[in-house]
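Some notes on the structure that comes next.
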Amino acid sequence: MISDRELEVLINEVFEYYGYDFSGYSKASLKRRVERLYQIDGISRFSDVLSKIRSEEGYVKHLVEEITVNVTEMFRDPLFYKLLREEIVPVLATKPFIRIWHAGCSTGEEVYSMAILLKEANLLHKSLLYATDINSVVLDTAKKGLFPLRMIKQYAENYRFSGGSEDFSDYYTANYGLAKFSCELNEKMVFSQHNLVSDASFNEFDLIMCRNVLIYFDKHLQDRVLRLFDSSLSCLGYLALGTKETIKFSTVQDKFQQLNREKIWKKVK
Amino acid sequence: MEESKIISGCKALLIGGSAGSLEVLIEVLPKLEQLKSFALIIVLHRKSGEDNLLENLISIKTAIPIMEVEDKVPVEPGYIYIAPSDYHLLFEKDETISLDTSEKVNYSRPSIDVAFESAADVYGPSLAAILLSGANADGTAGLQAIKEAGGVTVVQKPESAEVAYMPGYAIENMSPDLVLDIRQILEFVKNINTSK
Ligand SMILES: C[S@@+](CC[C@H](N)C(=O)[O-])C[C@H]1O[C@@H](n2cnc3c(N)ncnc32)[C@H](O)[C@@H]1O
């Protein structure tokens, strides 16, 4: 296993050479990601990874891509989407214009799921979905709306469990092992690279979705990011986190009201 | 080390298991009144999305309080923690839990190896772990890491396990400190931190 000291040196080196700051990431998870990077790149000594960072052009992109965890699904946790559909979307519907931020959107499955919900509520035309991630590689996939066909059965099932009643296959066309989601869905999406560690707020939103991203951060960085979300939410806007994430260890918790025991909070102050 | 050996200075006991392990817990947990200054963390393989099912099953079998596992909850003595489905369970140096949705390990998430290795890194010799019944090779590498870090490793006696593969695999590939049947496992847990 990579030692605590080596991890620290690596974090400093990546920051110095590339400007990416991983010092607030969960050390337990980051250690495993670096070990995985060793495996992928056939690295056996710590000095090898350092020399790659210092001298290999383009290594940063690879490093960010492999260190971040990009696992995602459409309608991940169907009951969460059911709640969105039944409780949150009707509130959003009362607004003249709907702005949503997907922070840490990965390859976009979450954003397309949201677009489907909005379309079915006949709200997509007056919505804008901002989807951001630190990893530029996943954003390229997200823009295309191309997902592996072998996952579709699972996604269609998730969709149904989330309360969807349309024919899921109407939303995509199958081609060479890929499902291409209809252009109508991504017309209202804006993708861009944004680093939650260092970049500022860029708009005001009615709903911020940041699911399964904070788990990779330590408590201190979680707090920083939650404050960024707080300052990017409109009054009575909603914040949605992953099923095992919470704001209860953060300084913003007093400004939010949780919806029952669900992972959705309303900004009340 | 023999069966009666009393473990002291233990901050966390991890129990990992797969097929046939719930039966062991259901037998052992009702006979435990409290956890003497250590936390019990249970990592079982199961289908995704069955969180409440397992939590409820365990909670009706024990008087010991169960702490809901959310990201960054502190690990506190006296409580039971149950690894949620679909996340790997990791430990931070400040003795909080982190969750992680990265790739499955040994076809499993949570993976016992992942939780054990991470705990070994944080707790070193203040850790004990028990590997129970199962049909998977998960847990062996984790036990090895715990052993190397100075923790105590226990494997369920394969003859007493509903599915002998997992404990058998561990015994073949590392040398656990103890190999115990269900009754002995109960004694082992009861004796943790009881010496003065
Ligand atoms: C596990 S995925 C979550 C995807 C999706 N939200 C979901 O719940 O299925 C986590 C994402 O967070 C991104 N991420 C990690 N660090 C980030 C940072 N500092 N700023 C923005 N995104 C980040 C990763 O690149 C990855 O795509």
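Note that Cβ sites are derived from N, Cα and C of the backbone, with glycine treated the same way.
Here is what TrEMBL says about this protein:
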ACT_SITE  B:S18  active site
ACT_SITE  B:H45  active site
ACT_SITE  B:D138  active site
DOMAIN    B:6-185  domain 'CheB-type methylesterase'
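Residues within less than 8 Å, Cβ to Cβ, of B:H45 (active site) and separated from it by at least 6 positions along the same chain comprise B:G17, B:S18, B:A19, B:S108, B:P110, B:I112, B:G134, B:N136, B:D138. For B:D138 (active site), the Cβ neighbour count at a 10 Å cut-off comes to 28, with all displayed protein chains included. DSSP assigns B:D138 (active site) to coil, not to a helix or a strand. On the 0 to 100 pLDDT scale, the domain 'CheB-type methylesterase' (B:6-185) averages 95 in the predicted structure. According to DSSP, B:S18 (active site) is assigned to coil rather than to any helix or strand. Note on B:S18 (active site): other Cβ atoms within 10 Å of its Cβ, all shown chains, come to 25.
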